[in-house]
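The following features are taken from TrEMBL:
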DOMAIN    22-386  domain 'SAM-dependent MTase RsmB/NOP-type'
BINDING   Asp137, Asp165, Asp261  S-adenosyl-L-methionine binding site
ACT_SITE  Cys323  active site, nucleophile
Amino acid sequence: MEEPSTSPLPAAFLDFLKENDLDPSIYAATDSTPRYVRLKPGYEADVEEMEAEIKCKLEKVSWLPGFYSLPPDVQIAGSQAYKTGRIYGIDAASGAAVTALDVSPGNHVLDLCAAPGAKLCMIVDLLDGLGSVTGVDVSQHRLAACRTMLQKYALGDICRLFVADGATFSLIPVNVTSESRSEDSVDRLKEWTSRKSWKERKKAAIAKQNAAADLVQRCQEPELIFYGLKSGVVGFTKSEIYRSPSESELLSYGYDRVLVDAECTHDGSIKHIQKFESWGWTSLQRRVLDAERTDNLTVLQLRLLSNGFRLLKSGGILVYSTCSLTVAQNEDVVEQFLKDNASAELQEIEAVRNWPCKSGRIPKTLRFDPWASQTSGLFVAKFLKLTE
């Protein structure tokens, strides 16, 4: 691999990498790490036309169906293929995280940290028009980008998008129970809305964040900013859409699949780290290296993972991922989550036999990085919710 012409990483960041047993050389791989695009199903015959337009060959990614690689300096935004929604940019590691969900047509899927939307689009493609997708993000501006992508790629029919805190979101797919509603639905609704929302957390930091989040949620319910005709919104009342299910209801009527691509320090995103050269390395200290910020993030990550798992039905699958390479934001979060949730079982990702990645520090978890995988850095763990 060629060495990039970037300035040396600052000493504070090198110390951070050493503390986390990370090789600084991975940040020298940007110039040789390919760019990835996913081809919308049904447009395979257009590949040669796309290559002629961008004047570059699209190399099929052998280990990830539908994905192609191209040199990192090739721009696709001006191409007709991109403008018409036949291809969209998504890193292969992110595609692997979605693949690990084992999405099948008919599933009801929750993307708990959905912005900016590439993984959401891939999930919709995998559902092939059957089932539903609920996208959640705390940032209205970023979630609006998801809405734009869904509309651009004509993928919004089975989607609904909520601006909400993923750590407190508590809505389930409405059309899951539509066929089984009966005369006692009013009584069940009273039961759902009268329950206590959250269990006491063992750690003071988690309890503190929950209390603050609960206060916000009481004042502001999730904001529905987009829905398709088959997303489980049309034909239902507001009380049906915004119901808060009991824990027992979730076991039967929760989501089949949940993706938690959690907020993190983004230290695994090599291009993101290199942006600090122009932003100023001093901002790296505040955004990545600050211990208090990292501690707060790990608390948030555990809360996102725990809430996503709570909304999963029995026998459902959850995938947790971050674009951090630190143990604290990955393996440590997974270990604590498993201790707190007896019904969670870490699963082998079967497709990994063909994937260019490393095992995490916990068996069955995965790590992608530019050297080993020719992708951006990503941690992936897959969980099954055991039937009680």
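Just so you know, glycine gets a Cβ as well, placed from its N, Cα and C.
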Nonlocal neighbours by CB distance (under 8 Å) for Asp261 (S-adenosyl-L-methionine binding site), same chain, sequence gap 6 or more: Ser94, Ala97, Asp111, Leu112, Cys113, Lys119, Ser321, Thr322
Recorded positions listed as Asp137, Asp165, Cys323, least Cβ neighbours within 10 Å: Asp165
Alpha-carbon distance [Cys323 (active site, nucleophile); Asp165 (S-adenosyl-L-methionine binding site)] in Å: 20
Cys323 (active site, nucleophile) versus Asp137 (S-adenosyl-L-methionine binding site) - Cα distance in angstrom: 17
Rounded mean pLDDT for the residues that make up the domain 'SAM-dependent MTase RsmB/NOP-type' (22-386): 86
Maximum Cα-Cα separation in Å among residues Asp137, Asp165, Asp261, which the record lists as binding S-adenosyl-L-methionine: 14
